[in-house]
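So the structure is just underneath, and the comments pick up after that.
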């Protein structure tokens, strides 16, 4: 854990140094944005970087203290409280749920100050945050309620599978998580997302007609077309697709429509997202994720009965979910490789989706739209090592350069 912190801090220092270098407008952005706006984006990135150093330092201190002073075993022993309430503390499911409740409260206490400062101080200073304190409180309450409703049956199922799984434990756990991920992808946009954002049908007009025509030309089974009120939370703009088989939806951020006065620019963003669908990027990532999950569960199945594993972390018993959590702690050295590989593939997919939109004739409008999305401007001075490890998308300059390349070179 310490080595990972040192490695990532080294990358953060490289990025911080890159941000402080004198910034001049790249040729692809000359005449598109002002030097003043570029300096504002640079200042925002430096402020975020300074804050990140503090947050990561405090986090590593707290995580180390949690391990060294046995905070998790102490929270687990809260089962004694259960006995005084008349609940069977020997029941592993009840005991685990109590532990997770304590861990969730601890996490809220430790994470809340960082989130509040990042959102209501830094992002507020640069006009990025649009979320009110009351909206934040409501979102937090909704998240906790969802955790209380969804968490117990999922936890109970995992514990029962581990207890009854036998030699095929990894397969059973993977099968359960596979079904759970499909169910989540099905119900999230329909039942959960509307709790946080309002989705309204895109009104009839030129934009809707252009998107429907584009979807039809690519044989995309579009059923519904929505606009989401992301402007109530931030100035970020984007679009995304969801749905299974022949029941697909497209969702546009209202910020995207507001910023891109030209209909062609909004359609270009949709063309990029349809490129991900046409090129099966989501399928590839989903399959890769499933392979990773089954490998992780396979490793867990090998060590779940290791008494030494539990004792080394201060536990005098071998609860199921605790074993899974401790196993995840032991594979921390592998995480940087997974992060790097994931982001490497994601960046390649972004270039491919851009090239797809370009082939459809949306090169210039897509480039214009990318410039109007503030999030892209934060990476203009990105350190190459930092961006290779952290960025799931190419930088704006890289994407604009690729869009300007001849077709054959882009291919």
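Including glycine, each Cβ sits where the backbone N, Cα and C put it.
Record features, source TrEMBL:
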type	residues	note
DOMAIN	15-198	domain 'CAAX prenyl protease 1 N-terminal'
TRANSMEM	57-76	transmembrane segment
TRANSMEM	96-122	transmembrane segment
TRANSMEM	143-163	transmembrane segment
TRANSMEM	169-191	transmembrane segment
BINDING	272, 276, 350	Zn(2+) binding site
ACT_SITE	273	active site
TRANSMEM	283-302	transmembrane segment
TRANSMEM	322-340	transmembrane segment
ACT_SITE	354	active site, proton donor
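Features recorded in TrEMBL, as mapped to the structure shown.
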residue: 272; record: Zn(2+) binding site; CB count, 10 Å: 24
residue: 273; record: active site; CB count, 10 Å: 20
residue: 276; record: Zn(2+) binding site; CB count, 10 Å: 19
residue: 350; record: Zn(2+) binding site; CB count, 10 Å: 21
residue: 354; record: active site, proton donor; CB count, 10 Å: 26
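Counting same-chain residues at least six beyond the ends of the transmembrane segment (57-76), those with a Cβ under 8 angstroms from any Cβ of the stretch are 1-2, 5, 95, 99, 102-103, 106, 110, 114, 313-317, 319, 322, 325, 329. Between the transmembrane segment (169-191) and the transmembrane segment (96-122) there are fewer than 3 Cβ pairs closer than 8 Å, counting only pairs 6 or more residues apart in sequence, which means the two stretches are not in contact.
Summary of the Zn(2+) site environment: with the site residues 272, 276, 350 set aside, the chain residues having Cβ atoms within 8 Å of the Cβ mean position are 273, 275, 281, 349, 352, 353, 354, 356, 357. The list of residues near the transmembrane segment (322-340) in space but at least 6 beyond its ends in sequence, with Cβ under 8 angstroms from a Cβ of it, reads 1, 3-4, 7-8, 67, 72, 76, 96, 99, 158, 162, 292, 296, 299-300, 303-304, 309-310, 313, 315, 388-390. Cα of residue 354 (active site, proton donor) to Cα of residue 272 (Zn(2+) binding site): a distance of 6 Å. Confidence over the domain 'CAAX prenyl protease 1 N-terminal' (15-198), given as mean pLDDT on the 0 to 100 scale, stands at 85.
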